[in-house]
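Can you keep this structure in mind? I'll have questions shortly.
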């Protein structure tokens, strides 16, 4: 091979490599990301059972039920609608009634949301950013201060 | 008193403007007097910012709640250590730490750069001055830490309890030393572009600075990971959180920069690429600062959400990134190409390393920015998490790691792949053996985990092969080998140790991810549960009163066979000032493995929900980066890299061992 051919093959190899990486990235962006919904959004958006989403809102007061051992059930609300969530595991420290949560998981066939993670990550006002923005947009929650 | 801090900061801003302008006018006009301004002014700016920082720290230590920043983030009952660290546990203070470290690096360049060409040093200090001016203006205009409150409140609002930890003393300063340390490589790159001249010596001057920043960033990221692991109570060590990514991207690009600067130094090739990488690395640091400080992300790191700040940093970011890339585009064609090499060579392997690392950086960048982009365009909120990164970053890392042992065994210019493969045959054998051992004795179903451990062993043995061959293994007597081993340049030991550390970290990550056992159970005092072949007994719940919190400590005993092998206590803590609960995980280290116990809520029948993990080899995840840091320190102490060494070596020609 001449030097020119060699250089060309190296460049082609690098391009092929970048092509594969790009393809993989776009595939992953399509498949491996999850959308964020508030309970009211679910009235209009059709989310099939089994598809991973993130569901956020406030923990509806009086709905937190502790079952056997580590099972917990509660409802997530945005003031308009509410969704029943079941979760097996330890709730985060900042989980409490009337406070914002983000749960991640999928709907069961019966319409119950099975969460495999519950986050109460928060800013200074104990409110996850997405939830705060969603609630502000609905006029349910105003910033304190 | 507090106003003195503010005045010092204003004065530092004014002097930074001097540092940004006068020296560069001098270097353009070739006026030595104007150029000589750069050094002393850089030192003065550092002194002023340090004074300002000390004033703020003092306000924290004496709990001066008339300062708004202290009122919002401190409490008189807080232990003194956390009063001090609380100085940078908030937006304003952390930005002040940011510029403090930036000016520290400028002062160090001014102090240790005596042997640098005068124009390069002057221009680099001027570029440092631009960055410092921009960020000082940002602090003074939008994030002044010295704002007063009238009337002064009696008590502060306390620091976020998650931050009340020794981790806050170490993680942010280390991380910033790394992040901001890359500003030096950036300034040197821009200075070289301004001059339009660049040679192999440039790489030799820049490499120690890059290496120092890389060492600190490695430590900062590893420390942050361990902190999140023990403090958050989730038992995870890496979450692909956008803020973690923000620090990981400069690390990946900085690692690439270290390797390409090596090629440039030794073979004067890849000049343009190295300059571009230097610019990209610091651009990613700036991007990270923007992501973390602008409040566009949800994160424990996002202290404040003031849109004006976000816009301000975005303007700084675009000015510096846009400006430096424009300068690059303008000047790069005039830089001459360097030495040629075959694809199979040391240079070739380092190019491959760069290709993988920069592509990996790009995937992390896309995964981090994509949600912001989607939200800006369509308003949909999406999250890009571990599944995305496992599918994109993972496949890029596996071939890179598999290729690492080959690189150091290939010769410069033209390497012999077959000979390298022959020398690595035993390492491959060891890796296959390790894979088989895991498959047969640990878990037959986990092929990928077994292969991952094989890959770690391959890295491990590859690093040993590199050092053994350099010491003359197989060619010379043992005593001769030992002599040669100690006579090797420190950078050779450093590189091998860093690659070894990579293997160690990989081993920890694979073993923990694949073979950890997790167990969630409700326990009453006296009850026992089993975890990974051992028993854990819940002894009792003890109330405890701390300085600014109350907690219930649960005491557990770990039993193996019939022997009690250790005790661990985990707690639910309530910080009284903010009424904020935290989980204090109980961790018991056995060898390289750890038992991790986190408490949940009490059950109605008088028990408590407990989450227990057995994490095999987990400490290796952080021992690996520690080895990398030691490798970096060894490398930086190498005589050839010591700042100014090239000039001195002309005078004293010491015998150098052959490579």
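Heads up, the Cβ atoms here are built off N, Cα and C, so glycines get one too.
Automatic, uncurated: that is what TrEMBL annotation is.
Here the structure is a predicted model, which means the values were calculated and not measured.
OK, TrEMBL features for this one:
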| type | residues | note |
| --- | --- | --- |
| DOMAIN | B:88-294 | domain 'Cytochrome c assembly protein' |
| DOMAIN | B:314-639 | domain 'Cytochrome c-type biogenesis protein CcmF C-terminal' |
| TRANSMEM | B:6-25 | transmembrane segment |
| TRANSMEM | B:95-113 | transmembrane segment |
| TRANSMEM | B:125-143 | transmembrane segment |
| TRANSMEM | B:174-194 | transmembrane segment |
| TRANSMEM | B:206-228 | transmembrane segment |
| TRANSMEM | B:248-265 | transmembrane segment |
| TRANSMEM | B:311-330 | transmembrane segment |
| TRANSMEM | B:351-373 | transmembrane segment |
| TRANSMEM | B:393-412 | transmembrane segment |
| TRANSMEM | B:424-442 | transmembrane segment |
| TRANSMEM | B:494-515 | transmembrane segment |
| TRANSMEM | B:612-634 | transmembrane segment |
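A description of the local structural setting of each listed feature is requested, covering burial, neighbours and distances.
Under 8 Å from some Cβ of the transmembrane segment (B:95-113) lie the Cβ atoms of residues 9, 12, 19, 38-40, 42-43, 45-46, 49-50, 52-53, 56, 87-88, 121, 124-125, 128-129, 131-132, 135-136, 138-139, 143, 145, 172-173, 176-177, 179-181, 183-184, 187, 205, 209, 289, 293, 643-644, all in the same chain and six or more residues away from its ends.
Listed by sequence, the residues of this chain that lie at least six past the ends of the transmembrane segment (B:174-194) yet keep a Cβ under 8 A from its Cβ atoms are 24, 94, 97-98, 101-102, 105, 109, 119-120, 122-128, 131, 202, 205-206, 209-210, 212-221, 223-224, 247, 250-251, 254, 257, 275, 278-279, 281-283, 285, 288-289, 324, 327-328, 330-332.
Remote same-chain residues near the transmembrane segment (B:206-228) are listed as 105, 109, 165, 167, 170-172, 174-182, 184-185, 188-189, 234, 236-239, 244, 247-248, 250-251, 254-255, 257-258, 261-262, 265, 278, 281, 621-622, 625-626, 628-629, 632-633, 635-636, 641-643 (criterion: CB distance under 8 Å, separation of at least six residues from the stretch ends).
When Cβ-Cβ distances below 8 Å are used as the criterion, the transmembrane segment (B:248-265) is approached by residues 178-179, 182, 185, 200, 202-204, 206-207, 210-211, 213-214, 217-218, 221, 271, 273-274, 277-278, 280-282, 284-285, 287-288, 338, 346-347, 350-351, 353-354, 357-358, 360-361, 364-365, 368 of the same chain, each at least six residues removed from its ends.
Remote same-chain residues near the transmembrane segment (B:311-330) are listed as 130-131, 134-135, 138, 141-142, 186, 189-190, 193-194, 275-276, 279, 282-283, 286-287, 289-290, 293-294 (criterion: CB distance under 8 Å, separation of at least six residues from the stretch ends).
Away from its own ends, the transmembrane segment (B:351-373) comes close to residues 240, 242, 245-246, 248-249, 252-253, 255-256, 259-260, 263, 270, 273, 277, 280, 284, 291, 296-297, 381-384, 388-389, 392-393, 396-397, 399-400, 403-404, 407 of its chain (Cβ-Cβ under 8 Å, at least six residues beyond either end).
Listed as Cβ neighbours of the transmembrane segment (B:494-515) (distance under 8 Å, sequence separation of 6 or more from its ends, same chain) are residues 237, 401, 404-405, 408, 442-443, 446, 448-449, 452-453, 455-460, 462-464, 466-467, 592, 615-636, 638.
For the transmembrane segment (B:612-634), the list of distant contacts is 211-212, 214-215, 218-219, 221-222, 225-226, 235, 237, 490-491, 493-509, 511-512, 515-521, 529, 531-532, 534, 536, 589, 592-598: same-chain residues at least six beyond its ends, Cβ to Cβ under 8 Å.
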Can you work out which residues elsewhere in the same chain, 6+ from the ends of the transmembrane segment (B:125-143), have a Cβ less than 8 Å from its Cβ atoms?
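Non-local partners: 9-10, 12-13, 16-21, 23-24, 27, 38-39, 41-42, 45, 49, 91-92, 95-96, 98-99, 102-103, 105-106, 109-110, 183-184, 186-187, 190-191, 306, 308-309, 312-313, 316, 319-320.
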Taking residues 6+ outside the transmembrane segment (B:424-442), which of them lie with a CB under 8 Å of any CB in it?
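Hits for the transmembrane segment (B:424-442): 405-406, 409, 449-451, 453-458, 461-462, 464-465, 515.
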The transmembrane segment (B:393-412): which same-chain residues, six or more beyond its ends, come within Cβ distance under 8 Å?
266-267, 341, 344-350, 352-353, 356-357, 359-360, 363-364, 367, 419-421, 423-424, 427, 455, 458-459, 461-463, 465-466, 469, 495-496, 499, 502, 506
